[in-house]
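For Cys349, the entry in Swiss-Prot reads active site, nucleophile. Per Swiss-Prot, [4Fe-4S] cluster binding site is recorded for Cys12, Cys20, Cys23, Cys100, and the stated evidence type is sequence analysis. Swiss-Prot lists Gln225, Phe254, Glu275, Asn322 with the feature S-adenosyl-L-methionine binding site, giving sequence analysis as the kind of evidence.
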Amino acid sequence: MSAAIVNAVKQCGYFNQGQCLSCRHIQQPLAQQVAVKTQTLLQLLAPFIPANSAELFLPPITGDDSGFRNKAKMVVLGAAHEPVLGIVSPSGEAVDLCDCLLYPADMQALLHRLTRFVQQAGLPPYRVDKAKGELKFILLTRSQVRGEYLLRFVLRSHNGIERIERELPALLAEYPQIKVVSVNIQPVHMAILEGDEEIFLTENTRLEERFNHVPLFIRPKSFFQTNPQVAAQLYQTAREWVAEFSPRSLWDLFCGVGGFGLHCASKDITLTGIEIEAEAIACAQMSAQMMGLENVQFMALDSTDFAKGKSAADKPDLIIVNPPRRGIGEALCQSLSEFAPKAILYSSCNPKTLAKDLEHIQGYHLTKVQLFDLFPHTDHFEVLAMLVKD
């Protein structure tokens, strides 16, 4: 990234007018944002860093400060004849976010087209204040490898499906890059993004992405990183760090669609991936098959329960953990300490819970830490930490 881009300040009309404050640090240069995040990380991990060992903190990895996001979660507001895709502003107004700077230009254009789609279909937006209407959210995910899309309509009931199906052929003819379309039924009058029922309106049910020549698949309910540019560097770094230990066996806990494990896998490595979301596991299995990996097992289980059910004899050479914001928890920390693999690679989206977990992982020391700025203009970031057995 050039210094000119790093030191520029993004001018966002939504933020300047107080309509959307999600990117709370957008008026700071990206370099300054990353410096603050780095200092936060240093302070949190200071208790685990030996004196004169600052070199284990590697330079932070950054990407573009606009056009990087691959997922849009749009609240549908307004009325059927004049829908608005975006958010409710702090003052309570409906704000159209189709031109949000975080989205690539082609994604912005498609969001505008989807606004017209809602209008043409006559889909009444759900009114929270009156508990009436049908269309709650439009969720759009973009694959960078081909610029293809997964489109989801979140409805209160089945009543709007026929209207969507009526207008869908024209939309798909205009945008053949929309490969997956589904309807999610969320009948509850609560601030819940999605329900249990997913109805596919296309034959294809998954979107293909590719990082560092590793095929990954996205289904409607599977978690996927929202910043492909930096995520690819995160996975590649993990691959390089793990390779230094030449493991013959790996566990990838909280594996999602398998991004970390599949990057580190080879035909000589036995890989076990654990993830509670069955859709994500189905995606990981598909990737492994496409890569021709045979010594791979992905299972839809709770990671902590999986570890509790294993004995020391089952331990792998190396364990990867990539938990949600809550961290891995004390019970799993204890299991990892008892298994005592050669190394533990911890990818964290919440350095506070990373620090808390490090207190409970016994018999290990940090050898490398690196910050990945997957979430520019916010307080959030990803951390990769390598722990090696004492």
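Each residue, glycine too, has its Cβ placed from N, Cα and C.
Mapped onto this structure are the features recorded in Swiss-Prot.
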residue	record	Cβ neighbours (10 Å)
Cys12	[4Fe-4S] cluster binding site	20
Cys20	[4Fe-4S] cluster binding site	19
Cys23	[4Fe-4S] cluster binding site	20
Cys100	[4Fe-4S] cluster binding site	23
Gln225	S-adenosyl-L-methionine binding site	23
Phe254	S-adenosyl-L-methionine binding site	23
Glu275	S-adenosyl-L-methionine binding site	28
Asn322	S-adenosyl-L-methionine binding site	25
Cys349	active site, nucleophile	19
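Comparing the residue listed as 'active site, nucleophile' with Cys20 ([4Fe-4S] cluster binding site), their Cα atoms are 23 Å apart once rounded.
In this structure the C-alpha atoms belonging to Glu275 (S-adenosyl-L-methionine binding site) and Cys23 ([4Fe-4S] cluster binding site) are separated by 30 Å. Those residues noted as binding S-adenosyl-L-methionine (Gln225, Phe254, Glu275, Asn322) have their most widely separated CA atoms at a distance of 15 Å.
Candidate binding-site residues: Cys12, Cys20, Cys23, Cys100. Nearest to Phe254 (S-adenosyl-L-methionine binding site) by Cα distance: Cys23. Residues Gln225, Phe254, Glu275, Asn322 make up the record's S-adenosyl-L-methionine site, and a Cβ search at 8 Å around their centroid adds Phe223, Cys255, Gly256, Val257, Gly259, Phe260, Ala280, Pro323, Pro324, Ser347 from the same chain. Here the Cα atom of Cys20 ([4Fe-4S] cluster binding site) is found 22 Å from that of Gln225 (S-adenosyl-L-methionine binding site). Ranking the binding-site residues Cys12, Cys23, Cys100 by Cα distance from Asn322 (S-adenosyl-L-methionine binding site) puts Cys23 first. Recorded residues Gln225 (S-adenosyl-L-methionine binding site) and Cys23 ([4Fe-4S] cluster binding site) have their alpha carbons 18 Å apart, per Cα-Cα distance.
When secondary structure is read from DSSP and collapsed to three states, Glu275 (S-adenosyl-L-methionine binding site) falls in the strand class. Secondary structure at Cys12 ([4Fe-4S] cluster binding site), as computed by DSSP, is coil.
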